[in-house]
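First up is the structure itself, then whatever we jot down about it.
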């Protein structure tokens, strides 16, 4: 997958040179480029923003450098142009899965009070990280790109690495434990030490269902319980 990020602060994306994403870039599974929007302004002082028409607080990013940056990147990257903004669709795991199927994507990070409305003509999709305000689109772009990239084939060692994680199948993840088996008098659940894979699988599913219902009832209501899920919960409750 190729991703181009249009931003005023390309240095912020050096985080992708590390950990799992960094290794995937080294293996050429991923290619993440940053493009400095300021390089495309025609203003002699390298300005990319100006005061809003009609008055108001703050500054607005001008259309010209944004549009010229998009046009240049589009010569090599034919992917969707995604703007990180508050009016967009709220990002979630299902959207991450959909975007992970794409071969190319372009992300546009806004700043200041937003972007000139005329730049929207070159944008295919707007995504929001949630109902809160951030200093710039970069803060939203980094977790969104990370979430998408880790679902790309070959980035993680196996699909099991993300299929059991929170949100992937509509549930929160089950509790995890590592050595030692007893810490401060608290033991790892016996089933996890049993080596019985089927019982471990059922315990994890039951825990995911119970935790989701308790912590995120909104998610649990959307989740469609199967007959197997109901049986797993019934058997689990019998053992309590």
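Along the chain as shown, the residues are counted starting at 1.
The backbone N, Cα and C atoms fix where each Cβ goes, and this holds for glycine too.
Noted in Swiss-Prot for the protein shown:
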- 110, 129, 130, 131, 132, 133, 134: S-adenosyl-L-methionine binding site (BINDING)
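Projection of Swiss-Prot feature records onto the structure.
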| residue | record | CB count, 10 Å |
| --- | --- | --- |
| 110 | S-adenosyl-L-methionine binding site | 26 |
| 129 | S-adenosyl-L-methionine binding site | 19 |
| 130 | S-adenosyl-L-methionine binding site | 11 |
| 131 | S-adenosyl-L-methionine binding site | 7 |
| 132 | S-adenosyl-L-methionine binding site | 8 |
| 133 | S-adenosyl-L-methionine binding site | 6 |
| 134 | S-adenosyl-L-methionine binding site | 16 |
